[in-house]
Amino acid sequence: MDKPKVVLGVSGGIAAYKACELLRRLTESGHDVRVVPTESALQFVGEATWAALSGHPARTQVWGDVHEVPHVRIGQEADLVVVAPATADLLAKAAHGLAGDLLTNTLLTARCPVVFAPAMHTEMWEHPATQENVATLRRRGAVVVEPAVGRLTGVDTGKGRLPEPEELFEVCRRVLARGAAATAADLAGRHVVISAGGTREPLDPVRYLGNRSSGKQGYALARTAVARGARVTLVAANTGLPDPAGADVVRVGTAVQLREAVLKAAADADAVVMAAAVADFRPARYAEGKIKKREGQEPEPVALVRNPDVLAELSADRARPGQVVVGFAAETDDVLANGRAKLARKGCDLLVVNEVGETRTFGAEDTEAVVLAADGTETPVPHGPKEALADTVWDLVAARLGRG
Ligand code: CTP
């Protein structure tokens with residue numbers, strides 16, 4: 001089988017050096033990559049580096065190998081075009097259909113999915129000109145990955161960093177896997193909120209009541225939503241996983257903190273997916289100092305109080321009409337019957353029901369589930385990677401948003 005063909009466009013920003021690592025990951029995982037830099041990208045990383053790492057010449061203009069008509073061919077033959085970093089200038093040219101060099105020609109001839117990973121100073125990113133260009137590209141079906149927040153060139157920090165290459169690679173991998181479906185990013189223009197991980201309810205400064213949730217399912221939901229074009233807020237409770245490219249990650253510890261973060265983000269969200277394992281109870285009393293054992297004395301029992309039920313609250317009090325609310329249910333017995341009862345009790349639109357045990361689902365890479373819908377339909381998801389379940393959830397969410 002032919003290797004999937006990827007065009008890596010590189011425009012002129014300091015983050016061009018990170019594109020070398022993205023290129024390596026793409027070639028090492030079996031992709032045939034052509035690098036198409038802009039003239040100014042070569043100010044940051046030279047032609048020799050791109051050619052050596054990709055195994056192809058890296059031309060910037062349409063005038064080399066003219067008999068092969070590269071300005072048309074490279075785009076036509078690609079299975080994916082990813083531009084990383086995409087500067088404000090490149091985004092403007094792409095949004096307006098300019099074709100002054102090989103990269104912009106390639107963008108006009110490509111009929112495959114296109115991913116832009118912008119990187120620039122915060123002011124340039126926030127400028128209405130850039131934001132309008134990004135909105136135009138998204139409306140046309142491209143995936144524009146939100147820049148990360150952090151250290152920029154020089155002493156500045158803010159939004160505008162290129163996400164880490166391994167996370168950009170994950171976006172490319174998912175977009176490629178979706179194939180032709182990815183040319184119309186079906187969650188483009190949508191804001192989705194996902195909670196992930198497990199809350200910890202402190203007993204004293206060193207101890208807590210917690211659960212075994214790893215956060216992997218919630219992160220898979222975030223990564224797949226980014227690859228389908230959504231703006232993603234990921235409310236992460238005690239996870240040790242790398243931030244997905246393009247997601248705005250809000251870190252929380254307890255159920256009360258999670259509720260606050262989710263409700264705030266849900267105010268303008270099209271969909272909220274509660275994948276987090278939220279503790280139903282918390283210790284009634286928090287000991288300011290570490291609880292000590294006392295010689296000859298039995299320990300005090302731990303009194304618990306109820307935590308707010310975030311899913312029930314979101315479902316009962318929708319922040320906007322047509323907002324889709326999705327819950328997860330981890331059950332050990334009578335899985336489907338308990339799932340149906342829980343769907344009705346919580347009032348959400350969809351409930352993903354999976355069977356859990358010590359080694360099933362928690363921390364595992366694979367899962368198996370049934371998605372129950374309030375309209376009575378059931379969608380079984382066979383045993384497979386958590387991102388396959390995530391994609392099924394987004395298929396069902398997108399169908400409901402489309403009807404709204
Ligand atoms: N959930 C929530 N707030 C809580 C508890 C749970 O939002 N305080 C959400 C979870 O994120 C998940 C769903 O509710 O989406 C299922 O939670 P679960 O604890 O399994 O359901 P319960 O109604 O608590 O049922 P039970 O403990 O009896 O199984």
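Glycine is treated like the rest: Cβ placed from N, Cα and C.
Record features, source TrEMBL:
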- 1-191: region 'Phosphopantothenoylcysteine decarboxylase' (REGION)
- 5-173: domain 'Flavoprotein' (DOMAIN)
- 187-399: domain 'DNA/pantothenate metabolism flavoprotein C-terminal' (DOMAIN)
- 192-404: region 'Phosphopantothenate--cysteine ligase' (REGION)
- Asp280, Lys290, Pro308, Asp309, Val310, Leu311, Phe328, Lys342, Lys346: CTP binding site (BINDING)
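Taken together, the residues in the region 'Phosphopantothenoylcysteine decarboxylase' (1-191) have a mean pLDDT of 94 on the 0 to 100 scale. Taking Cβ-Cβ distances under 8 Å and a sequence gap of 6 or more within the same chain, the neighbours of Asp280 (CTP binding site) are Arg306, Asn307, Asp309. According to its DSSP assignment, Pro308 (CTP binding site) is coil.
In three-state terms derived from DSSP, Phe328 (CTP binding site) belongs to an extended strand segment. According to DSSP, Lys346 (CTP binding site) is assigned to a helical segment. The Cβ of Pro308 has fewer other Cβ atoms within 10 Å than any other of the binding-site residues Pro308, Val310, Phe328, Lys346. DSSP gives Asp280 (CTP binding site) a coil state; it is part of no helix or strand.
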